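See below for the structure under consideration.
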Amino acid sequence: MTQFSEPVTTSNEDTYESLISLIENSQEQLALIIVACDDLALRQRTIERYEREAKQSQIRCERIVLGMEPSLRAGLAKLGIENQDGVVVTVTGAEWLLRVKTRATDAQSDLDKFFGYLQWTREGLREFRYPVVLWVTFSILREMSRRAPDFWSWRKAVLRFESEASEESLAKPALGAIVPVMRDLNSLERSFDREDNNDFIPPPAEILSEIHQLESNNPTSPNLATLYAKLAEIYAKRIARGEANNLEEEQQQAIEAFEKAIDRYRELNKQSALASTLNNFGNFLFNISRYIDATDFYRQSLDINRKIGNLNGESISLTGLGNAFDSLGQYEQAIDFYQQSLDINRKIGDLYGEASSLGNLGIVAWRSLGEYQQAIDFYQQSLEINRKINNRIGEANSLNGLGNIYFILEQYERAIDFYKQSLNINYENSNIRDKAISLNGLGNSYYLLEKYQQAKNFYQQSLETKREIGDLNGEANSLNNLGNIYVLLEHYELAINFYQQSLEIARKIGNQNSEANFLFNQAIALDKYKPLSFEALEKLKQARAIYAKLKLDDKVAECDTEIDNLNRIIATEEGQPKEDRNAVETPTIEIVANDTKSAYAD
Amino acid sequence: MSNLDALQARLEIFREAGRNLQLDPLISKEDFARLGVEYQTDEIDKLEQAIEDSPERDNKLIFTGHRGCGKSTLLAELGLRLTDTGRYFVVMYSISDTIERSAVDHVNILFSMALQLLEEAEKRSIWLQPGIKREFYRWFGKHTQTETQVAESEIEVNAEAKTTGGIPILMQLVAQIKSKLKVSSETRKQISIDFARKISELVEKIDELQSHIESATGQKVVVIIDDIDKLDLGVVETIFGKNIQSLLDPNSIVIYTLPIATLREVSITASINTYIKKIYMMEVTKFFSKADVRKPDRIPNPAWMNVFSEILQRRLPQNSIEPDVQTDLILLSGGVLRELIRIADRCCDLVKLELRGQIRRQQWNQPEVKIDRQILSDVETELQIEYARALGQIDFEMLKAIYQEFKPQDTENERFLDLLHGLYVLEYCNAKLWYDLNPIVRDLLVQEGILS
């Protein structure tokens with residue numbers, strides 16, 4: 001890939017000279033050479049270059065890639081180098097260590113662990129009497145002296161390589177067959193009900209005790225409807241936040257509470273409360289991916305709102321229906337409902353609603369039949385309105401939507417521009433939730449630009465932000481996206497781990513659609529990690545079963561294709577080993593894109 | 001006692017009278033004990049019955065009447081009466097104390113209702129479960145951009161405690177939120193944006209508070225929102241014409257006060273009548289029947305004259321007004337209580353002015369200063385000038401026609417409604433509605449030569 005003779009800038013060339021002489025002159029002694037470099041391509045070239053030169057000088061070259069337990073000492077010990085004459089060990093992988101804790105509950109992040117190991121095992125390094133070239137990023141370097149001071153004091157030298165290439169060619173690792181294609185954006189990151197996760201919710205027991213008291217004192221009290229609706233809302237929020245003690249049980253309790261509230265409102269003939277509760281029930285079912293059931297309740301809510309002439313309510317129910325059909329992949333119906341909702345918002349002069357409906361239409365337009373131009377139109381209209389009414393958050397949403405479109409159109413630079421604008425507004429307005437969405441969009445763009453380091457940084461920031469506000473759904477998506485990065489970097493074990501975490505969250509909050517998506521991705525990573533294991537096949541089947549249950553036919557078909565492929569390969573490999581593997585098209589990974597769908601179906 | 005002392009004592013007596021002649025309605029039991037008289041108690045009976053019999057739905061009452069005809073006092077009395085039964089948790093407040101008048105809309109009426117319920121619950125130390133309570137404070141804080149952390153931890157600390165008069169930190173927080181709602185247009189705007197499209201969330205919060213209060217007290221919540229009638233007509237029309245539905249959505253019994261002029265607009269009355277069984281109306285006192293009012297030898301209704309005299313006696317110093325002057329003063333009010341108080345108060349002001357003049361000029365041994373014909377006449381002139389300021393030629397024509405016909409040509413005419421809202425024209429009611437001019441306005445028209 002890269003020639004030795006390729007000219008490097010003078011200062012880097014000087015640095016290279018220092019490096020190679022350090023390697024040659026530090027044989028038979030422990031020499032910790034810390035090299036900072038953010039340009040992964042340059043690093044690759046440099047490593048290849050000094051290894052070639054070293055080999056010419058009869059120096060053995062070994063490499064360590066830091067993994068999930070980033071212990072330098074353990075890595076070196078594992079190499080088991082006994083004859084310590086003429087060896088150089090190159091250590092990479094530090095650059096992929098996350099600053100953020102892999103799980104919110106973890107005591108330490110990867111990077112914490114890395115520094116911890118450096119700090120506490122430096123004495124143990126003395127037995128390795130050869131030069132160790134530890135590649136880090138500049139930001140890690142800056143932290144090292146502070147966070148691993150003892151290790152730092154043992155350093156032999158610190159070298160710095162400046163980045164050379166333009167951003168475009170930066171950090172393109174040599175990848176095998178995987179080329180990620182943005183194929184499916186169904187598992188959208190919805191800012192669906194825009195409910196603030198900081199809202200405090202009382203324990204259900206408090207409401208339950210009041211209900212019991214009232215039921216024994218005054219079983220016909222109209223307040224029971226209010227209290228059951230409240231109870232249902234509390235369960236729904238607990239589930240969405242992953243706070244349910246027992247998911248299935250609380251889902252059941254939520255459903256029962258919704259049904260009781262609905263029955264009572266019916267008896268009391270309280271139409272507007274009934275419509276609103278039906279809609280909330282629809283939202284709840286939507287959140288746990290029961291899209292078809294959700295449409296049923298949105299429809300009932302719609303009927304009542306129409307009957308009592310509540311136009312706002314009607315528009316909200318229509319949006320709910322749009323969302324549900326969108327998720328079911330029935331885009332034409334979704335467009336129809338969004339359009340109706342748009343008409344109402346225009347009729348009642350609700351500009352906020354109008355902008356939001358346009359945004360929804362934008363999303364569905366680009367997802368159905370690739371009507372990008374139309375989508376851009378919708379987003380532009382919504383952008384104009386939002387600017388007119390000075391709705392900054394809405395403006396950020398529209399910009400983000402435009403970012404998405406250009407992203408799909410593979411105009412990543414432009415997408416980045418929109419995402420950045422959107423991000424700025426969200427920063428300005430401390431709109432944390434949408435900030436996380438913009439960050440995720442940036443991550444996606446850099447990802448497809450193959451600037452994985454940057455992509456990783458943005459995903460990481462997005463992940464942190466989502467954890468900050470307790471947005472579990474978003475957190476799962478970010479973890480999934482990080483998993484995607486690691487697949488591309490062939491760190492399959494890490495990838496599988498990330499998918500696993502996102503999977504656990506999806507299960508915790510009962511989001512089956514996401515669960516299936518993550519299973520699918522994990523299967524792909526598993527197949528890479530341990531080819532021919534039945535585990536991948538098993539995951540694919542699990543994903544397929546869920547898609548089938550949700551009646552997401554396209555997804556089912558996709559799984560079938562992958563399952564067939566795998567079966568064929570396994571059969572081939574069993575019969576006659578090897579080869580054909582590469583002939584099979586590599587499956588594409590689902591990327592979780594952002595969605596600023598400002599569906600206010602709540 | 002020197003003459004100076006006598007004058008100063010008399011001045012003090014009128015000062016005291018001035019304090020009793022505040023235009024504010026009577027609210028507390030003490031007010032009623034000191035200044036209250038029996039007035040239109042049958043209206044209170046009707047309202048009380050409506051509340052007692054109110055079904056679970058259709059439990060919103062509209063109460064209307066001229067500005068200053070005594071609605072607030074009557075509602076306060078109703079509130080006290082309901083409270084005394086021990087079966088009602090009455091929350092009464094004035095919308096004009098809660099939100100700046102130009103900014104009132106249906107969203108912030110509902111928001112203020114929720115806030116008022118919370119405040120009353122706190123004030124009366126109603127025990128809400130800590131989680132439930134905390135959620136409410138967090139919610140109010142969120143929508144008014146108010147920090148609630150300290151208050152929330154206080155709730156935890158006081159989870160079991162019963163404090164009389166409310167937990168101070170929480171009362172402070174409520175006061176802070178109330179003041180934001182009142183003065184900060186940013187906050188109100190944000191509330192309107194937050195709820196414009198999901199008014200149901202706001203109604204849910206009101207219903208929750210009402211349910212919790214009812215669970216804790218075993219009483220029924222009654223909300224009385226006063227002074228909506230003080231708002232500009234256009235504002236009221238938007239609220240009750242277009243957005244009445246959401247004001248009827250809360251579960252609690254609610255009494256809304258509406259300006260009488262609003263109800264003379266057919267479209268709005270139609271909108272209200274669709275949802276509300278009956279509009280309760282407090283009438284202006286009729287001293288004369290329509291048949292008699294223009295007769296030169298008309299005799300005012302003695303029963304009403306007695307009530308109005310009693311009101312004055314409760315507030316004015318003894319022997320401070322000549323009996324025939326008192327009669328004129330009462331008639332000049334047109335039967336509107338607040339006008340009666342206003343005229344009497346102005347008269348007292350002039351008396352005090354006269355007394356101070358005597359003290360300053362050391363004019364002893366003068367006849368005792370009283371509210372006499374001259375003083376009343378001066379006050380009337382003062383008021384006439386105030387009324388005249390807003391009138392144009394067209395108005396004079398319209399007023400003349402009303403005087404002659406006892407009704408306007410077009411009851412929905414905007415200008416007529418404004419004149420009605422501004423007490424230039426008073427509405428009286430027998431079997432049929434009829435209109436007459438405010439006596440001060442009538443005298444003004446006579447002076448202008450428009451009426452003879």
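Cβ coordinates are placed from backbone N, Cα and C, and glycine is handled just like the others.
Sequence annotations record features per position, and here TrEMBL assigns coiled coil to A:237-271. What TrEMBL records for A:315-348, A:396-429, A:436-469, A:476-509 is repeat 'TPR'.
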> Helix, strand, coil residue numbers for the repeat 'TPR' (A:436-469) per DSSP?
Replying inline: 30 helix, 0 strand, 4 coil
> So how many of the residues in the repeat 'TPR' (A:396-429) end up helix, strand or coil by DSSP?
Replying inline: 30 helix, 0 strand, 4 coil
> Going by DSSP, how much of the repeat 'TPR' (A:476-509) is helix, how much is strand and how much is coil, in residues?
Replying inline: 30 helix, 0 strand, 4 coil
> So what's the mean pLDDT when you look at the coiled coil (A:237-271)?
Replying inline: 90
>> With helix taken as DSSP H, G or I, strand as E or B and everything else coil, how many residues of the repeat 'TPR' (A:315-348) land in each class?
In response: 30 helix, 0 strand, 4 coil
